[in-house]
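Worksheet for the structure shown next.
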Amino acid sequence: MKGALGSPVAAAGAAMQETFGCVVANRFHQLLDDESDPFDILREAEHRRQQQLQRKRRDEAAAASGAGHRGGRSPAVASGHRPGAGGRRESQKERKSLAASGAQQPDSPGGPQPPGQKRTPRRGEQQGWNDNRGTDVVLERAERRSYREYRPYETERQADLPVEKFTDEKPVDRFDRDRPLRGRGGPRGGLRSRGRGGPGNRAFDSFDQRGKRDFERYSSNDKTNRMEDSMGGCGIRPWGSGKDTSDTEPPAPMEETSMMEECQGTLDEESAAKVPELEVEEENQVQEMTLDEWKNLQEQTRPKPEFNIRKPESTVPSKAVVIHKSRYRDDMVKEDYEDESHVFRKAANDITSQLEINFGNLPRPGRGARGSTRGGRGRMRRTENYGPRAEVVTQDVAPNPDDPEDFPALA
């Protein structure tokens, strides 16, 4: 056990347990060398806070006394010493804080400025040179343009026009007046509740609207022409018919019946003139048919092919002589005889009949005969006798169709 504990592996394991163990109290060994009393630290902090309060009161009293000397500075401030500092020189940080507090006060254009500082010109002011005094003169514009104000060339010339013209629109500031505004719509931040850009586009005459068209609106009811449009589509609705209107139309008063009777005579004359026009329109309509009907129509209109077929001669020439009469009575038997009548003549030295040709009895080598010498699966090859075999001739006689014994069912 001692050897196991004294080994470097065990020492490293113990060190890892101590280093990476979950210790709740002071895990990282902080403030172990701090032997100071926390109560002493609290007392020093309280004493320091009281000193700061006393110093602040002294500074306020010195500032009040300095203000009574007609805005003049106290000798302590002029010499660079802070009052109540106990003879300590003013640090650079305190000087920066005093300069920042002085810059935050609102200074008038004609107010006194520190001798070593220059006020930077504000936005909208022009800085010029005065020949009489030789100092910088700040000229402030009497009328400054608003941030988002849009003034094209025409509006600058007509500056005396009343401002009520642009009451509905929000002014737009354009830095590059030669180039048209990008994008679609009116000025940025317009009345967004009315679509892209709102109605502010119409007030600017020089505004490039990038092809946007302003349509004129007519005060009319969209339901006034509804019946005429729907009748063009055959009915009060697109899926209705012309007869559906009679069901939905209100009954006409009795006073109009006399007028209808008078107009009926003229309508009859017009209808008689329109009848031939309707017939012409029906003829002009495209005739619809199925695929089978179209195919039949094409076959009827298609020209039939005509072939020049030469007929065989059935007459027997007069000079023909019969050499011998046929032994067969039927033409079918004659055709079979003609097929069998082709006999090939053999030469005298033909030896094909003496050769033995066996297609189905070829010698087959044993399995694995090539690997038998290497210890494979093969067997030793048997010696086969390839000598001449006895000739077995089997002659099949074809049945005779004229013999009822060969075909008893046909008898």
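Don't overthink the numbers, they just go from 1 along the chain as shown.
Just so you know, glycine gets a Cβ as well, placed from its N, Cα and C.
When you go through SER36, SER101, SER258, SER326 in Swiss-Prot, the residue listed as phosphoserine is SER36. Annotated range for coiled coil in Swiss-Prot, selecting from 233-255, 279-301, 371-393: 279-301. Here Swiss-Prot gives coiled coil for one range in the set 42-62, 105-125: that range is 42-62.
The coiled coil (279-301) scores a mean pLDDT of 82 in the predicted structure.
Counting every protein chain shown, the number of other Cβ atoms lying within 10 Å of the Cβ of THR352 (phosphothreonine) is 8. If you look at the region 'Disordered' (296-318), the same-chain residues 6 or more away from its ends with a CB under 8 A from one of its CBs are 289.
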